[in-house]
Amino acid sequence: MKILLANPRGFCAGVSRAVETVEKVLEVEKSPVYVRHEVVHNKVVVDSLKKKGVVFVKEVDEVPDDAVCIFSAHGVSLQVEEAASKKNLVLYDATCPLVTKVHRGVRLASNNDAECVLIGHKGHPEVQGTMGQYRSEKGAIYLVESEQDVAKLDIKNPDNLYYATQTTLSVDETQGIIESLKNRFPNIKGPKKEDICYATQNRQTAIKSMLKEIDVLVVVGSQNSSNSNRLKELATLEGIDAYLVDNPADIKSTWFENKKVCGVSAGASAPEYLVQQVITEISRVCEGDVVVEEFDGIKEEVYFPLPRLLKQKIIGTN
């Protein structure tokens, strides 16, 4: 059997920055180090950081006063920021810069008393953080997940309206909803196209480009990873068997019976070493009869610098 490796795959710049932030904070600060929410949606990464002394909490209320705390890559609401400030925490913000861009857009809309529509998945931590950027008493922020939701919107002033999107959605996922918004509210304003997360789109494009070449797909990523689930869905929608795995132990030999080409990719929160371990396990269950090839794709060269406070601490300790 042949294994085709999707490109790009795995860690995006925002995830790399978040994980590196936690690891560097562990070096420059005294334990324990608290992280609000899973820093990224990957069980293996989170478990590894727990072993190094990181304490993950759901809310800042669980963090002792004056302690060291990190915000996850998904970002937080203004209410969470204020709660952290009251506790006098040593705070490092690992929010993805692309999420921060979305936050700025929503806050600007709020400051202008414009109502806001957010395209995203209900309950996702990024969505909760973005919704929590809106404070205007003269308007509201609405969450839509489908074109049907757009039809139900009751907007107070359609001439002063803004929309934003969850970063882990792709252009393909949001296109129909955005068109529905523009059809119903012709004066609605939105972000620039380049504000859309490059990583989500690139990883989905990579999968789409190899679908005609494969008859089974394995995606390395956790069940609670939005972008990993989308990668799997791209294959299943085309009638291709697809599986989402946290680690090599999830691999089953029956998946590859009578299969000729297996595609392998990874969500934006999955490290490359996990991908290589999964490949090794696939080769083992296929009794070594495997050839591995890289599938050509977009080359990513995006880098996000560490939080300013952390860079200052690193310089101060050297």
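Placement of Cβ uses the backbone N, Cα and C atoms for every residue, glycine included.
From the candidate list CYS12, CYS286, the residue Swiss-Prot records in the [4Fe-4S] cluster site shared with CYS96, CYS197 is CYS12. A Cβ within 8 Å of the Cβ centre of HIS41, HIS74, HIS124, SER225, SER226, ASN227, SER269, the residues given for dimethylallyl diphosphate, is found for these other residues of the same chain: VAL40, GLU126, THR168, ASN224, SER228, GLY267, ALA268. Note on the binding-site residues HIS74, HIS124: the fewest other CB atoms within 10 A surround the CB of HIS124. In this structure, the C-alpha atom of HIS41 ((2E)-4-hydroxy-3-methylbut-2-enyl diphosphate binding site) lies 11 angstrom from that of GLU126 (active site, proton donor). Sequence-distant neighbours of CYS197 ([4Fe-4S] cluster binding site): residues of the same chain at least 6 apart with a C-beta under 8 Å from its C-beta are CYS12, LEU98, THR167, THR168. Of all the binding-site residues listed (CYS12, CYS96), CYS96 has the fewest other CB atoms within 10 A of its CB. Of the listed binding-site residues THR167, SER225, SER226, SER269, the Cβ environment within 10 Å is emptiest of other Cβ atoms at SER226.
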